[in-house]
Amino acid sequence: GYCHHGDAKKAFSLHDEMVTDGIKPTQFTYASLVYVLCRRKKTKEADELFERVVGKGMKPDLVMMNVLMDGHCSTGNMDRAFSILKEMDQMRIDPDDVTFNCLMRGLCGEGKFEEARELMGEMKRRGIKPDHISYNTLIRKKGDTTRQAVFGFRGFNPTLLTYNALLKGLSKNQDGRLADELLMEMKSDSNLVKKCDT
C-alpha cells in the first residue's frame with residue numbers, strides 16, 4: 001500500500017521491520033520498493049537497491065526490470081534504460097510488450113521517433129506483438145507518421161483511443177482523404193461499434 005501511494009519512507013520502514021522479524025523479502029517486495037523509488041524520480045537509489053538484490057543472489061523478475069526501466073525512461077536516462085534491456089538478455093529474462101512500450105515512450109519523449117519505430121521492428125523480430133499502447137505511443141508523439149501508422153495495422157485491432165489518435169494526426173497533417181477512409185473503417189468495425197454502444 002505504501003509503495004502504491006509513493007510513500008518511500010514508510011515502505012522502507014516496513015521492509016526493515018520484515019527483515020528484523022525474520023521475514024525474507026520476495027521479488028515482489030523489492031519490485032515494489034524499486035517502483036516507489038522510481039515514482040519519486042530516485043533512479044540512482046533504485047539502481048543501488050537493484051544491485052543489492054542481485055548481490056544477494058536473487059534473480060530479478062520481469063516486473064522489477066520493467067519498473068526500473070520505466071523509471072529511467074521517465075527521467076530521460078535512455079542509455080541506462082537500454083542497458084537494462086541488455087541485462088535482461090544476459091539474465092535470460094524475456095522482455096514483453098511493456099518493456100518495449102516503455103522504451104518507445106522514452107525515445108518519443110526525446111524526439112527520437114525513427115529509433116522508436118525501429119524498436120517496434122525489433123519487438124516484432126523477437127516475436128512480441130505490438131499492442132494498442134505501442135501504436136498509440138508512436139501516433140500521439142509524432143503526427144506526421146500517422147499515414148504510415150494507418151497502414152501498419154494489418155493484423156492488429158485498433159482501439160477507440162487508437163482511432164482518435166490517428167484522426168488527430170491526420171487532421172493536423174490536413175490529410176482529409178485518409179481521415180474519411182479511416183472514419184468509414186471505424187463505422188464498419190463491428191467490435192468498435194459494440195464498444196461504443198455499451
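Cβ coordinates are placed from backbone N, Cα and C, and glycine is handled just like the others.
Keep in mind that TrEMBL annotations are predicted by a computer and have not been checked by a curator.
Feature annotation from TrEMBL assigns repeat 'PPR' to 1-25, 26-60, 61-95, 96-130.
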So which residues does the repeat 'PPR' (96-130) touch in its own chain, when a touch means Cβ under 8 Å and the partner is 6 or more beyond its ends?
62, 65-66, 69-70, 72-74, 76, 78, 81-82, 85, 88, 137-138, 141-142, 145, 156
What is the number of residues in the repeat 'PPR' (26-60) that are helix, strand and coil, as DSSP sees it?
26 helix, 0 strand, 9 coil
Tally of helix, strand and coil residues over the repeat 'PPR' (96-130) according to DSSP?
26 helix, 0 strand, 9 coil
